[in-house]
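One structure coming up, written as structure tokens, with questions to follow.
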């Protein structure tokens, strides 16, 4: 009897929750296995007892590691077999953020689909919300956790009492490689010095230039890399960032492992093994500056022997004090390393092999490529907004990857691979591009490339805050040689806020002419939070006014444009 | 193309004038234009009659707007739209604009669909001989071109019947737009954040996003900071321990732990 925990995770949150439920299961002798949903190859792979944990990302989309599963579960032919999934008993946790319009759409759709196919819910699903005062963990524990284990227990005929305070075996066993063993020919596992993950290439930086004015609060960089990796406009560069050495040393210090920083080890279990130095582990592999989830604190309890620290941890973990924990950690965005700083005695008791239980892996980040392979030969350029802000904590909060890129010096190498993303169609149709902020990146290279043919028509709606501070696209695109109708929206240059959607309405009849009579394509790139909805609304307003449509007709028209790829969008959260 | 070439190739030119023009100047202007545009026939229209006269679309290579009169003629979006309609694809509009009104009017040009707008140098001053000196001094001639496409053919809408029955999900379609059919009205509603029962005394709090780039995170931090600064004296004696052990009003809040007795150095924060 096995409980399968299947997750669809984009940034690691769903994976964290899976990990936590797996610990709970193991603590009450429930055999369980945690896998990402892309390990499901066919419907037959689904076992009897499943806990689905699925995030919604971007603009209501399923995470990447769930795409294959999504195609499988949504196949029309499944509905033809009555109650095909009636043997399945499942729980469902949805993770989302209610500030986005398509809140938890993935979980909602999965729930409906599972129901359609006859699967039986163990208990009511939970649609966890980042905006809940106690965040995702708080939301789940409040409405789901207890009732899930109780009902699941009833189902399998056992009383289940999961507890997070008992230490579980660590995920990996550690073997240190002494220097003399490195030369031994009987050594089973070779230490790979270059350690480049499959698919990635090491690529040097040429230049790192700030493109917003110095008196502007936001720091946006144009980074140029030297590489002959093939790409096309619309592709993204996927980058593996590193943690800062400051954080690495701080953690090593707290774990009393500074003297072993440059030592090689092998970490292994039944499924896999890996080997590297401690420095590499903390810098390249584990996300040591992640904001810890509740289970981080639960695991600290496994090792804490200092009275004051234990007492505080117990307090933090009490259900009635969930707000305190949230105020201490999640609201100010305190990192795992910073938490360990506050609990130094506990930290020093954590055995090295448990670091894999405390920290999740660094995930790659994607950036739209802002250059064109035809214009910028052997170059990849990226437009990156550096995430850096203040909370109550003295040190600035920093985005891992954006700050990694910010610190890069010329000739330093990074790990990169190219992935396709936006399908910018290269034919003779005019293009209407909407790209506020760094959303303009894919269009930058593409407009330059399209201008090589002066028969092609281009229109760009660009939004930023101040013409003189962050209209960084103008340097590149406002030239005689570039064939472009450029329509900026400077949101803060006047009293009322003006955004791209206002400009779309203002230039509505031109937009309509291009769509209706020239089969122009519309491309939208930007933040998923408000841009897609506002722009869609603006486009529909244009259809209503100039195309003489009703609300419903405009709705249908836009959806049809999406279906035929005449309207495409790439949004991120 | 140079101005000479533009005029030389033109087959038909429209001159727009206003009521305040000196009538003697019109034929003189026509001569001047005709010398430059040997192949062209020239038509004249009063701006007031422009829309009414309903000339056919795409019928002029060049439109000269308000150049004959001493002062500049007011132009608005409706007139511009009409001029745009009357111009042939690749045709040119020439107009004189005061510097102060420049950006506003150029915006309007773009709105109508003119694909390029460039100021002319004074070699084209033959066109504005009649203008007052101060008008010439504080304005410029502008040359605007209509793009090369022809407006006027339409593309039929594809048929848009959607099957709304649940379960009829196309196996070939993997886009979320199709799976949207699974959702009903209720599903599309967002939760009311204020209604979250947190079971504690916490008040609803605004939270900045993970990747806050709009400034809310800074704003929230300032609020917290102002509140914290109001209590200067520590009341718990645990300042040297980390934030996990400090009280709400602790002056050391936000700093990492330090050795007891060490001087507390608060970072100078210039954000307040």
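Including glycine, each Cβ sits where the backbone N, Cα and C put it.
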Between B:130-146, B:198-214, I'd like to know which one TrEMBL lists as region 'Fe-S binding site A'.
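Feature region 'Fe-S binding site A' in TrEMBL: residues B:198-214.
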According to TrEMBL, which stretch among B:232-235, B:236-239, B:240-243, B:252-255 corresponds to the feature motif 'Cx2C motif 1'?
B:236-239
Given B:247-250, B:259-262, B:263-266, which one carries TrEMBL's motif 'Cx2C motif 2' label?
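When B:247-250, B:259-262, B:263-266 are checked in TrEMBL, motif 'Cx2C motif 2' belongs to B:247-250.
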Fewest other Cβ atoms within 10 Å: which of the binding-site residues B:239, B:247, B:250 wins that one? Let me know.
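Ranked by other Cβ atoms within 10 Å, the binding-site residues B:239, B:247, B:250 bottom out at B:247.
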Does DSSP give residue B:247 ([4Fe-4S] cluster binding site) helix, strand or coil?
coil
Grab the pLDDT values for the motif 'Cx2C motif 1' (B:236-239) and give me their mean, rounded.
73
